[in-house]
Amino acid sequence: MSEIIRHYLSLTDLFRLQLCYQNVTGSCAKAPYSPGPRLILYTLFSLGAVLAAFGNLLVVISILHFKQLHSPTNFLIASLACADFLVGVTVMPFSMVRSVEGCWYFGPSFCTFHTCCDVAFCYCSVFHLCFISIDRYVAVTEPLVYPTKFTVSVSGTCIGISWILPLVYSGAVFFTGVHDDGLEELVSALSCVGGCRPLINQFWILIDLLLFFTPTFVMMMLYSNIFLVARKQAIKIENISSKTEASGTYKTRVSKRERKAAKTLGITVVAFLISWLPYMIDSFIDSFGGFITPSYVYEIFCWLGYYNSAVNPLIYALFYPWFRRAIKLIISGQALRVDSSSTMNLFSKKP
């Protein structure tokens, strides 16, 4: 125990020697990373940001360019990819500097904007995934009437809600400064020049938890029902003979396709929850537990959530053959042909 205390004190002394702004009174302490670990961290975080930006950009281009992919579900996926792309462009690069250097060099105004984007895009993803879950539930349970129930216009409404509500909420909370009402003394005690970790009072933490866990509960219930229905359908399919009527065969094909899509998107939901649950739990403990989580723990949980934006394109590439073919066409330049958007078949074995 004494060795741990001495090690902690040595780190504290090192923090005191390295400041974000050496000649500024009240400067924050700089992270005590040597050049080697610093390079490794910058490399890991940069790879995550690049994958989040370019991977999701490929998803958006693929779905919007190829008319064969124009469906209500895919439009929701493209919009979700847009949110993940913005995380890779507007959030991760600046968080990378904050995490590695331990300092915020971009000013207090941009800190507020950065925090607003961070929160907004997280909830934007939650709402998108919730609507995708609803879409998959209808598609699996009622495959024949699904096209008339979940139309492109319905998908557009879901996309609008998924963007407008998080942006309005995060802007209203952080740009007005109500997020730290009642915490003035704590803010004054912890604030320093070069810091960017806004404190949030208990009321807004509860609102955050409701906004996160309510859609999460809906998703878990829907996907539980989806897989129960899928299991029953799989049993029925095994009992269907080769003499099944055409309508029954068509329904079987549709059900199988929709179940596969539901499985892939269910994996996306699980990945999202694994990525963001630690951060949300930490926020709750931070606010109601009576102590402040160490900065390095906070940064680890933040980056676990950020990396979810980089993971989604990998999930699509792993489970969606059409996405792999679309990437090949885009990278090879074949997608630039005038008629490529309508003539290329992404669902054949050879596009």
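Indices start at 1 and increase along the chain as displayed.
Any Cβ shown, glycine's included, is placed from N, Cα and C.
Summarising the annotation, TrEMBL assigns domain 'G-protein coupled receptors family 1 profile' to 55-316.
Long-range contacts of the transmembrane segment (39-63) within the same chain: residues 33, 69-70, 74-75, 77-78, 81-82, 84-85, 87-89, 92-93, 95-96, 99-100, 303, 306-307, 309-310, 312-314, 316, 322-323, 326-327, 330, 335, each at least 6 residues beyond the stretch ends and with a Cβ under 8 Å from a Cβ of the stretch. The transmembrane segment annotation in TrEMBL covers 39-63 (among others).
Annotation source TrEMBL lists transmembrane segment at 75-94 (among others).
Panel annotation: around the transmembrane segment (106-132), residues 73, 76-77, 79-80, 83-84, 86-87, 90-91, 94-95, 97, 155, 158-159, 161-163, 165-167, 169-171, 173-175, 196, 198, 208, 211-212, 215-216, 218-219, 265, 268-269, 272, 276, 305, 308-309 of the same chain, lying at least six beyond its termini, place a Cβ under 8 Å from a Cβ of the stretch. The annotation transmembrane segment is assigned in TrEMBL to 106-132 (among others).
According to TrEMBL, the feature transmembrane segment maps to 144-165 (among others).
Beyond its flanks by at least six residues, the transmembrane segment (203-223) meets 119, 122-123, 126-127, 129-130, 133-134, 136-137, 169, 173, 178-179, 262, 266, 269, 273, 276, 280, 283-284, 287-288 of its own chain at Cβ-Cβ distances under 8 Å. The transmembrane segment annotation in TrEMBL covers 203-223 (among others).
For 261-281 (among others), the entry in TrEMBL reads transmembrane segment.
Outside the transmembrane segment (296-319) by six or more residues, the chain places 45, 48-49, 51-52, 55-56, 58-59, 77, 80-81, 83-85, 87-88, 91-92, 95, 98-99, 122, 125, 197, 263-264, 267-268, 271-272, 275-276, 278-279, 282, 327 with a CB less than 8 A from a CB of the stretch. Here TrEMBL flags 296-319 (among others) as transmembrane segment.
The average per-residue pLDDT of the prediction over the domain 'G-protein coupled receptors family 1 profile' (55-316) is 86, rounded to a whole number. The list of residues near the transmembrane segment (261-281) in space but at least 6 beyond its ends in sequence, with Cβ under 8 angstroms from a Cβ of it, reads 73, 77, 122, 125-126, 129, 132-133, 136, 139-140, 208-209, 212-213, 216, 219, 223, 226-227, 230, 301-302, 304-305, 307-308, 311-312, 315-316, 319-320.
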